[in-house]
C-alpha cells in the first residue's frame, strides 16, 4: 500500500504593519499650529491682518501729529512719522514676540495632551508667526511712510536688519523664560505686564539717548530695548546719527541668558502644564 506524502508550503510571516511616516513630523506639527494660530488670531475679526498694520500705523500718526504741534522738528531728521516709526516698530516687535512666546503653553495647553505636540512645537509656532507678522508689518509701514512723507534720509539696511534681528533674539529669549514662569506661577503674567508697561517711555521712542541728562543715561542704559531702538535709528538715519552707547553684546546676553534657562526649565517641567 503506497503511502502518500503530503507537502506543506512554508507559512510566510504576516507583513509587519507599516509604521506611519514620521519624517518631518515636527515640521508638519508646527505648520498646523501656525495655521491654527493664524485663524484664531487674525481670522475671527473682519480685516484680519489689516488691523495688524493699522494699529502701529495709527499710533505713529497720532504721535507725529501731537508732537508736531509742540515741536518744530524731531530730534533726528525732518519727518516725525519716520522718527517715531524707527522706535515704535522694533519695540512692538519685541512686545509681540515675547508676548506670543510667553503665552505659548497657556494658549495651547489642550493641544499638548496629544503625544506628538511638545512644548517646542507650540513655542516655535507662535514665535515664527509673530516674527513673520511683525516683519511684514514693519516692511509695509516703513515703505508706506518713506513714500508718503518723501523721506530723504540715507538708510543703512545692514544696520537696520541687524537691529531687527537683535529684537527677535531678545524677544524669543525673554518670551521663552516667561513661558515657563507664566504656567508655573500664574501671577507672573500680571506682574510682568505691570513691570513692562513703562517700556514706551523708557525705550527711546520720544527721545534719543544723547538728549537725556547723564544720570538718566546711566540708569536707562541697562534697558536692552533702548539699545535696539537706537541701533534701528542709526540704520534709518545713517548720515546724521552714530550712537556710541549701543552694545549689541549686551543685547545678545539679555536674550541668550533667559533663553538658556527658559529651555532648560521647560524641558524639565514642561509636562507639568498638562496637569495644572
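Positions of Cβ are set from backbone N, Cα and C atoms, glycine also.
TrEMBL tags one of the stretches 19-37, 76-94 as transmembrane segment, and that stretch is 76-94. The feature transmembrane segment, as given by TrEMBL for the ranges 189-209, 210-230, sits at 189-209.
Note on the transmembrane segment (160-183): residues 90, 93-106, 109, 119, 123, 127, 130-131, 135, 138, 189, 192, 224-225, 227-228, 231-232, 234-236, 248, 251-252, 254-259, 261-263, 265-266, 269-270, 272-273, 276 of its chain, located 6 or more positions outside it, place their CB under 8 angstroms from a CB of the stretch.
Packing against the transmembrane segment (48-69) from elsewhere in the chain are residues 42, 80-81, 83-85, 88-89, 92, 133, 136-137, 140-141, 144-145, 205-206: each is 6 or more residues past its ends and has a CB under 8 Å from a CB in it.
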